[in-house]
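Asks: After the structure tokens below, expect a handful of questions from me.
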Amino acid sequence: MPEQLFQFLVTGITVGSLYALVGLGFAIIYNASDVVNFAQGEFVMLGAMTAIALLSAGLPLPLAAIVATLLTVLVGLLLERFAIEPTVGAPVVTTIIITIGAAIFLRGIALLLWGKDFHPMPAFSGDRPIHLGGATLLPQSLWVMGVTLLLVVLVRLFFNRTLLGKALLACSFNRAAAQLVGINVRVMLRLAYGLSAGLGALAGILIAPITFSSYEAGIMLGLKGFSAAIVGGIGNPMGAVAGGLLLGVLEALGAGFISSGYKDAIAFLFVLMVLFFEPTGLFGHKVADRV
Amino acid sequence: MRRIGFFTFAVGVALLPALFPDNYFVMAVGVSAGLNAILAVGLNLLMGYAGQISLGHAAFFGMGAYTSAILTTRYACPSLIALTAGLIIAGVIAWLLARPILRLRGHYLAMATLGFGVIVHVLMVQATPWTGGPDGLNGIPPLNLLGWSVDSDLRWYAVIMAALLLAIGLSLNLVDSRIGRALRAVRGSEFAAQMLGIDTGRAKTQVFVVSALFAAFAGSLFAHQQSFVSPDSFNLTVSVELVTMVVLGGLASTYGSACGAIALTLLHEGLVVFEDYEMMIHGALLMAVMIFMPQGLFIGLSQGARRLWRLKNKASA
Amino acid sequence: MKDYGWKIILAAALLAITSLAGAVEPIRIGSFLSVTGPASFLGDPELRTLQMVVKDINAKGGVKGRPLELIHYDTGGNAREALSFVKRLIQNDKVDLIIGGTTSGDSLAVIPEVEKAGIPFISLAGAVDIIEPVKKWVFKVAHTDRMAAAKIFEDLRKRGLTKVALITGDGGFDKSGREQLLKLAPEYGITFVADESYGNKDTDMTPQLTKIRSSDAEAIINFGFGQAPAIVTKNMKQLGINLPLYQSHGVASQTFIDLAGAAAEGVRLPAAALVVAEQLPSSDLQKPVLLAYKKQYEAQYGPVSTFGGHAYDGLMIAVAAMERAGDADKAKVRTEIEKTQGFIGTAGVFNMNPTDHMGLNLDAFKMVEVRNGAWKIVE
């Protein structure tokens, strides 16, 4: 039994790290614009698919990963410039529908570029499982956890220690005030989309060796990342990370101990319970109503 | 003015099958668009007027559909009684859910409704003995309205359009009622509304239940019209599509949401011939409409028409 | 210069008139497949096959001198869409025959409509319910999941394994397969010691497999299609579970081996002969048909899958029936399809009759195993 529990935890943390990375992307864009970007999952898919395409074109893995991430960042910037920026000031739901449109559009492009098949990607350091106190995990899981940890630390440092990061954070508290103190809100918006796209792409590249990728792979991850960001309290990047890990572990435990068929229902029931008792998520700041 | 709009719409809907008899795009697509429009009009009450987002509306749609499907196929229950049962179930669940869920704001509410929708969908897929699992339930008998069996495309067109007109009429009346005014106050500022002595919780609960009833009603009709139900018709994608219809048509406008529903249904039918390019074009169009008409199609197009009209007048003057 | 323009217009007009006069009404074949969505694994090769074969037939002069016209809509695996597009095919496109319904859900949803309209419908999906009880206008050419279950159980019996763990996805194909497995198990003396499920888009199935590991299962059956069975296969290897693994015919293609990589070694599954065409003895009746289809398909699109083969079988059965009927009259074609005897297709030899609208027997399935990254027959 404890052996099983340990295995479930290992699985949960691997999957949870991934949700955390996607959730982090949601939180960053939300911070800059109050918008939930429903194309976040598509950034994940684009990163993975581009990396796979570059690998099969003969690029070495590190180079393929970097180029794929940069290309996805470019897509994020283009999305911001041509679809989000023109509608600054429009109702938030309008912007959300635009991101839904963008998600469908990006999926459509991926479908045309790479077809409908699932594509495998070789693991970074082989497929030989590592035994760890009765549980086994793949080297790729370590990659996922390690890189997630690194990125989370970097994002945290960025927000807490750099002027740019603080400026971005300021936008989330009060956009008008941020503008008044000389922060260029537009630039911040671009920064947020670029950063989110990059994080998404990295998440995609990390997970592709475990789960493969296809043009539709972003839908599920987007949904889970969104849930992670909300449970943690949207707008709080570290909350999103905690939310993601929690969700991943919960799914694994639900599937292992209760019922694998109902595990998604169990996870979402938990999310509902959290929200009923903590209406702004576990680590969200309470916002006073402006009249 | 409002009466004229309603009357024109009704006449137009009635004339279509006479002008294009046995036309697939009127009879079959029309029915599908009509059902979507009922859903959108209902959801707009919640989203447009009360300002509360729901990403789980397909769940109520599904409850109506599955209640009708299960009762009529397993227990040979008359279709009208099954429909009523569907309304009661969806209404009661919406009422129970409303208080805790509507305390949430904005994206938290979106998340909670989304979670609710996912849970209901998982039940549809997993509770196979009841719901038939992923392949759903087949062989649902035609709708029977006091001896009149709705079993042809023309009859379905008539029934769905009558239901749509009923939904639009109800929605217009509701918006003008005391509840409607309370709701608009809630959308403006819930805090301010409370200060004015409006029981905002009660107003929101009422509209949530009404909106769920619209969806369950459409669901029952849908089950009989299709003669089968399966979980794909009630998943998250459908919920997101419904929100898209409401926003695309124009929030806080009954006709707007109906327009959005009809436009999106037609768009899909039209784009399917592009095969692999469909998805890309669909996404691009959705973005373009929202970028250039952030207030939605209904307002966007009517403003455009007005502008054209003015230009023409200027030119002739 | 002016004269020249006139001449072109005149020539074009003449050409249009003559071609109009000489044009024969094409035979319209309607199709609705799940080319996108979770079942695109199946629907995509089906559509390619239909397009390829229709082109081929037209190049050879069509059927009874009339060309075939293929009208296709993608359902995305959504039964609601399937029904709507079948209505469109019947009412708007006025097709003479329908081939399609990649998934069982899509196929089952449209049956009332095709029965009402009285149009021959050849389904490409697996569920037994499509043709049992027999429906007048509905036929099917894919193996049933019951046959797959029986084939797996036969192999288990040969190996003397009785305690089995089951793991299936949450799609229609998975659930229907699971049902048949559970129903058929007692006949073969098989007991299920675990019955786990996963979501078809899940990224990790180790919790379910960890539970199976602690049961006393002697073999594992995974019924599903798409990427999930490949993840199950890899997760098993990761957890160090060395039990025999049986997959379903849903993953009988090279793609599965590519996705699962080294973990796929030793996986067994029941599959149509198409994936092992080259290994068949030359006395095998199917061999020439299989090799011809495989060669043609792979020249254009890459590795064949048995699902594309189903589309080939369906279309060729329909064409043969039209040839016999003399035209595309719906009632006559239906009667002729029902009389299909000894038709050699990719899925097996079809012998239909008024009580059997599929006409395949268990011999149509071969038990195959992955060895050195390729499918090998085990008998």
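The count begins at 1 with the first shown residue.
A Cβ is built for glycine as well, from the same backbone N, Cα and C atoms used for every other residue.
Look at TrEMBL and you will find B:25-46, B:53-73, B:79-97, B:109-127, B:154-175, B:243-267, B:279-301 tagged as transmembrane segment.
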Asks: Which residues of the chain, 6 or more past the ends of the transmembrane segment (B:109-127), have a CB below 8 A from one of its CBs?
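Replies: Residues 52-59, 62-63, 66, 97, 101-102, 133-134, 136, 231, 234-236, 239.
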Asks: Considering only Cβ pairs within less than 8 angstroms, which of the stretches B:53-73, B:154-175, B:243-267 has the most against the transmembrane segment (B:25-46)?
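Replies: Looking only at B:53-73, B:154-175, B:243-267, the most contacts with the transmembrane segment (B:25-46) come from B:243-267.
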Asks: Quickly jot the same-chain residues contacting the transmembrane segment (B:154-175) by Cβ under 8 Å, restricted to those at least six beyond its ends, or write none.
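Replies: Beyond its ends, the transmembrane segment (B:154-175) has Cβ neighbours at 2, 6, 9-10, 13-14, 17, 26-27, 30-31, 34-35, 37-38, 41-42, 44-45, 49, 143, 145, 210, 214, 217-218, 221, 225, 254-255, 258.
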Asks: Counting only residues 6+ away from its ends, which parts of the chain sit with a Cβ under 8 Å from the transmembrane segment (B:53-73)?
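Replies: Cβ under 8 Å, 6 or more out: 39, 42-43, 46-47, 79, 81-83, 85-87, 89-90, 93-94, 106, 109-111, 113-118, 120-121, 124, 130-131, 136-141, 211-212, 215-220, 222-224, 228-229, 231, 233-236, 238-240, 242-243.
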